[in-house]
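All remarks here apply to the structure that follows.
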Amino acid sequence: MEDYTKIEKIGEGTYGVVYKGRHKTTGQVVTMKKIRLESEEEGVPSTAIREISLLKELRHPNIVSLQDVLMQDSRLYLIFEFLSMDLKKYLDSIPPGQYMDSSLVKSYLYQILQGIVFCHSRRVLHRDLKPQNLLIDDKGTIKLADFGLARAFGIPIRVYTHEVVTLWYRSPEVLLGSARYSTPVDIWSIGTIFAELATKKPLFHGDSEIDQLFRIFRALGTPNNEVWPEVESLQDYKNTFPKWKPGSLASHVKNLDENGLDLLSKMLIYDPAKRISGKMALNHPYFNDLDNQIKKM
């Protein structure tokens, strides 16, 4: 830690306090995440350290790079590249009645998908994607932060400040207690974020797991074994769930064209096996008119 100085506290992350810092010799500005673990006495589990070390290998223009992993007084500090703005803050800063430019929505979605495809190809899931951990710079680049941390540390139910971890972007298979899940969980989250890029509003903003599920069911219909084989045998599926009929996504997401709505609907397919993959999403006609500069990134 002697290589870095803390400049200021910039927030509370899922796992602990987040600081803006500076490398003493190079002057590089960094983000320092202090990881606060449940069992402080035992120090950092070796499995977590192994997982985290692997994340240093994830180098991609749309992934926030993990530059260093440091220990101090049995506390773990993760040193990341610094970006000052997250997607949530940016969406909140757009004046009422105005929306993000549709070409920027497209560019951001494409970049998010490029980042996710890169990680999925290396068998790393995110599991906790949300606008707060999508960081943007002033050149139009968006980067995914906190990759792989869920696997290293688990996803707490509450942040250590007792703020509840958001459920709005969580996939139905996770909400229904599926023990086995894979890369489609991240695609679902990106779908909900896509809708929010277009409308500035969370697509499904539940305040409990059951409220979250019911908001999804009201919009997309209550799933059954016909549309999603074996869903009825998932741990938290109840035959007593109200049977809503599928509605139209277009009524919830006003600012997307036909191609955008088609891609969104494929990202929000209930059955994870039928949900579009990141790779297939990148080749969807929605991106046909995207600037080639972005495609080459």
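Every residue, even glycine, has its Cβ placed from backbone N, Cα and C.
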Query - Swiss-Prot annotation, ATP site containing Ile10, Gly11, Glu12, Gly13, Thr14, Tyr15, Gly16, Val17, Val18 - matching residue among Lys33, Lys56 - result: Lys33
Query - Chain-internal residues near Lys20 (SUMO2 cross-link), provided their CB is under 8 angstroms and they sit 6+ positions away - result: Lys6, Ile7, Glu8, Lys9, Ile10, Val29, Val30, Thr31, Met32, Phe82
Report task. Could you measure between Met1 (N-acetylmethionine) and Asp128 (active site, proton acceptor) for me? Cα positions, answer in whole angstrom. Result -> 28
Report summary line: So Lys245 (N6-succinyllysine), by the Cβ count within 10 Å over all chains shown, scores 9
Query raised in the report: Which of the three DSSP states, helix, strand or coil, fits Lys20 (SUMO2 cross-link)?
Result: strand
Query - Among Lys6, Lys139, the most crowded of the recorded sites [Cβ within 10 Å] - result: Lys6
**Report entry** Whole-number Å value for how far Asp128 (active site, proton acceptor) lies from Lys139 (SUMO2 cross-link) (Cα to Cα)
**Finding:** 25
